[in-house]
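**Student:** Annotations for this protein, taken from TrEMBL, read as follows:
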{"type": "DOMAIN", "residues": "66-181", "note": "domain 'DOMON'"}
{"type": "DOMAIN", "residues": "182-377", "note": "domain 'Cytochrome b561'"}
{"type": "SIGNAL", "residues": "1-28", "note": "signal peptide"}
{"type": "TRANSMEM", "residues": "223-244", "note": "transmembrane segment"}
{"type": "TRANSMEM", "residues": "251-275", "note": "transmembrane segment"}
{"type": "TRANSMEM", "residues": "287-307", "note": "transmembrane segment"}
{"type": "TRANSMEM", "residues": "328-346", "note": "transmembrane segment"}
{"type": "TRANSMEM", "residues": "352-372", "note": "transmembrane segment"}
Amino acid sequence: MKMDGVSRLLVLTMFFVILFGFQREKNGVVMAIDEDAKALCSINLAEFLPPPYGGLENMVCQPVWNSFLLRYSQSKDNVITIVLSTIYTSGWVGMGFSPDGMMINSSCMAGWVTTEGHGKIKQYYAEGHIPSKVIPDKGELPLTSVPPLIYLQGATVYLAFQLKYTSRLKTQSMLLAFSSKYPQHHHLTAHEDKTAIKFDFSSGTPFSAIAKPNYFISSTTHGVLGILGWGLFCPFGAIFARYFRYQHIWYYVHISAQFIGFVLGLAGVIVGIQLNKKLQPDIPGHQGIGILILVLSILQVLAFFVRPDRDSKYRIYWNLYHSWVGRTALFFGAVNIVLGMHYAGAGPGWKLSYGFVLASTMLACILLEMLLRLRKFDEPTLPSDYPINSI
C-alpha cells in the first residue's frame with residue numbers, strides 16, 4: 001500500500017510537470033508570435049510607401065492569418081486606408097470583402113509583382129468559383145481617387161488601397177487568398193489557399209474564421225463517386241464482358257460491375273445537382289454531358305429488361321445497340337471526369353491519379369483486344385460455349 005501511494009504521488013508529480021512544461025511552451029509560442037507581430041508593426045512604412053499609405057494616422061496593426069498582417073486607419077469622414085502585407089515569392093495575393101463570407105458576389109483587391117519587378121493591382125468581382133468567373137476591373141469596393149498600390153520590400157509585399165463608405169466601417173466579412181502562380185492576361189489563377197474571417201474595424205479585432213458550408217466535401221464526394229462509377233466500375237464491367245467470356249461467371253461479373261457503377265454514378269449526379277443549386281456555377285458543358293451519360297446509363301439498364309432471346313432475329317440489333325450505347329457512355333464519362341477536374345481546379349494529385357486509371361484502362365483494352373484477335377485467328381473453327389452474342 002505504501003508503494004502504491006508513492007507511485008500515485010510520482011504519477012501526479014509527472015502530470016503537473018508535463019502540464020506546466022506544456023503551458024510554458026504554449027505561452028512561449030504565443031509570446032514569440034506577439035513579439036514578431038510587434039516587430040513587424042513597428043516598421044516605418046513612410047520609408048518606402050507614399051502618402052497616405054506611408055503615414056497612417058491612428059494606425060491599427062493586427063495579424064490576421066498566416067503571415068498576413070493588416071494595417072489600417074479609419075478617419076472621421078469614413079475613409080479607411082488599408083495596407084495588407086505578407087511574405088511573397090511569386091504569384092498574387094488578395095484581400096476582399098464579402099456580404100456573407102462567401103467567395104461568390106465578393107469584391108477584392110489583388111496584386112502581384114511581375115518577374116521584371118513591375119507591380120500590378122486590380123479590383124476583381126467573383127461571379128463564380130472558377131478563375132474565368134473572377135472578373136478583373138469590376139467590383140463594388142468604394143475606391144477613392146487615391147491610386148491603389150502594391151510594393152515589394154525585401155521578401156514582404158504590401159497591398160495598399162483606400163475606401164470611402166457612407167458610414168463608419170464596423171464588423172466586416174473579409175477574404176484572404178494567395179497563389180504562387182501569376183495571373184494570365186490579368187485573370188487570376190486558382191488560389192492555393194484562402195480563408196474567410198470576420199474583422200471588427202471599429203476595435204481592430206479579428207474573430208474566428210467564418211464557418212462556411214462545406215462545399216469542398218460535397219465537391220470531393222461528387223468527384224469520387226463519378227470516378228468510381230463512370231471511370232472504374234463501368235469500364236471494368238465492359239472489359240470483362242468483352243474479353244473474359246470464356247469464364248463461366250463473366251455475365252454475373254459484368255452485371256454486378258455495371259450495376260455498382262450505375263448506382264455510384266447516379267449518386268454522383270444527385271450530389272452534383274445539390275452542388276449546382278448551392279453554387280450555381282456556369283459550367284453547361286459538364287452539366288450537359290453529365291445528363292447525357294445518365295440518360296445513356298438508364299437506357300442500358302432498361303435494355304436489360306427488353307433483351308430478345310438468343311434465336312431472335314432482333315438479337316443482333318440489340319447487341320449492336322447495347323455495345324455502342326455503352327461505349328458512348330464510357331467515352332463521355334471519361335471526358336466529363338476530365339472536365340469536372342478542370343472546373344473544380346483539382347490539384348495534380350487528382351489529375352495524376354485519374355490519368356493513371358485512364359491510361360491503365362486503355363492499355364489493358366489494347367492488350368486484351370490484341371489477345372482476343374490472336375485467339376480468334378488461331379482457333380477459327382472452335383465453337384464457344386458462350387458465343388459473342390449470348391448476352
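Backbone N, Cα and C atoms are what each Cβ position is placed from, and that goes for glycine too.
Note that the coordinates shown come from a computational prediction; the quantities given were computed from them, not determined experimentally.
Let's see these features in context: how buried, what's close, how far.
**Tutor:** For the domain 'Cytochrome b561' (182-377), the predicted model reports an average pLDDT of 86.
Beyond its flanks by at least six residues, the transmembrane segment (328-346) meets 129-131, 190, 219, 222-223, 226-227, 230-231, 234-235, 238, 265, 281, 283, 285-286, 289-290, 292-293, 296-297, 300, 354, 358 of its own chain at Cβ-Cβ distances under 8 Å.
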**Student:** In the domain 'DOMON' (66-181), how many residues does DSSP put in helix, strand and coil?
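**Tutor:** Secondary-structure breakdown of the domain 'DOMON' (66-181): 3 helix, 65 strand, 48 coil.
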